[in-house]
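Enquirer: According to TrEMBL, the record shows the following:
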DOMAIN    1-129  domain 'CID'
REGION    255-349  region 'Disordered'
COMPBIAS  269-288  compositional bias 'Acidic residues'
COMPBIAS  315-326  compositional bias 'Polar residues'
COMPBIAS  327-345  compositional bias 'Basic and acidic residues'
Amino acid sequence: MSFSVDRAKVKLAALVPTQQSIQTTSQWIMFHYREASTIVDLWVKEITSQPNKLTLFYLANDIVQLSRKDPRNAGFTEGFKKVLPQVLQQINPGADRPKFLKVLQVWKDRNIYPSDYVNKLMNLIGQQPAQTLAQHKTHQTEPAAYQKCPSELIEAALQYDHLKQISSATSTKFASLSETYQSTLKAENLPEPHILVGQLEGLVKGSEALETSIKNQTELREKLIASLESLIQVQRDWINLDQTKLEKLDSIKNSAQQRKTEIENTLNNDDDDEELPTYKGDEDEEDVPGYSNGDEIPSYGNGDEAQDNDVPTYETPSDFISSFTAESKRSAPEDEEEPPAKRQEIPVNVDLNALLSKLQ
C-alpha cells in the first residue's frame, strides 16, 4: 500500500469522532512511519483549519501512545512534540477544553512527555496544571445537551455534521479539479509535451484522490442512513410496546368499571329491599273496656270480697251516728296544703228513721 499526500489528506478529512475511525486511521498512518514528518505537517494544517479539532487531537493521542512500543515510530513522537505548542496556541478548544486537558493529564501520568513540557501545553490552552482535574470533574457534573441524548443519536449527529463538512470540501475540490481540467486540455495554446504530461499526471492523481474521498463520503452516508434506520426501528418498537400497554390499560379500565357498576347495583338493591316500620289504623289499637247502658254496675255486700274502697253498710242508726261523728273529728293530713273542709252539721230535726230506711 503506497503512500501519497492526497490519500493522507483524504484519511484525515474522513476522520469521524468514533473509536473505530480513529484507530483505523492511526494504524494506516503508523504503517507509513517513514512519512512521519509529512503526516505531522498535514495534521497541523488540518487541525488548525477544520472544526473537528478534538477528533484530530484524539488521533494524535492514539498515535503518540502507540508509538512508545515501537522505536520505528519515534518520528511521530518527536514530530508531534515539536508542533503541539504551536498548534495549541493557535486553536481555541472552547467547550472542549476539559477534554484536551484530560488527554494532556494522561500524557503526564504515563510519562508520554516530560511533566514540564505537558504543563507548558496546559498553560497554552488557558488552564493551570493544578486546576486540571478539578476543572474536568466540574465539567463532568455540569449538565450538557449532549449528555441528555443517547450515544447512538450523538454519534449519528456527529456523523451528519462531519459529512456536511467533508461534502463541502469535496465539492470545492471537485470544482477546482474541473476548472484545472478545462484550463489544461481546452486551452488554445498547450504547453510543452513534458509539461503537459506532468499536468495530466496531476489531474489523474487528483481525480483518484477525489474519487476515493467521494467513495468514503458515500460509505459514511450509508453508515449514517443505517444508524438513522436503526434509531427509527427502535422508535417503532417503542410504539408497538406503547400500543400493547394501551390495550392492557384499556382492559384494566373496562374490568374495573364493570366491577364498580356491579357493586353499586348490589348496594342499590339492598337499600330497596330493607323493610321500614308501618303503622296500621284503629283496628290494631288495644280494646278499652267500656260499659253500655245495659251493663250491670257491680254492687258491694258485707262479704269478704269487699275492698277498701267499697261503700260501708250500717246495720243500726246508732252505728251510723257513731261512724259519722268519728269521721267528723278526723283531722286532715299535715302535708295537705288546702284548708280542711268545714264539717257538715246534721240538722237536729232530721228524721233518723226515714234516713235509715233510705239507706237500707
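Placement of Cβ uses the backbone N, Cα and C atoms for every residue, glycine included.
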Enquirer: Taking DSSP states H, G and I as helix and E and B as strand, how many residues of the domain 'CID' (1-129) are helix, strand and coil?
Expert: 101 helix, 0 strand, 28 coil
Enquirer: Could you give the mean pLDDT over the domain 'CID' (1-129), rounded to a whole number?
Expert: 87
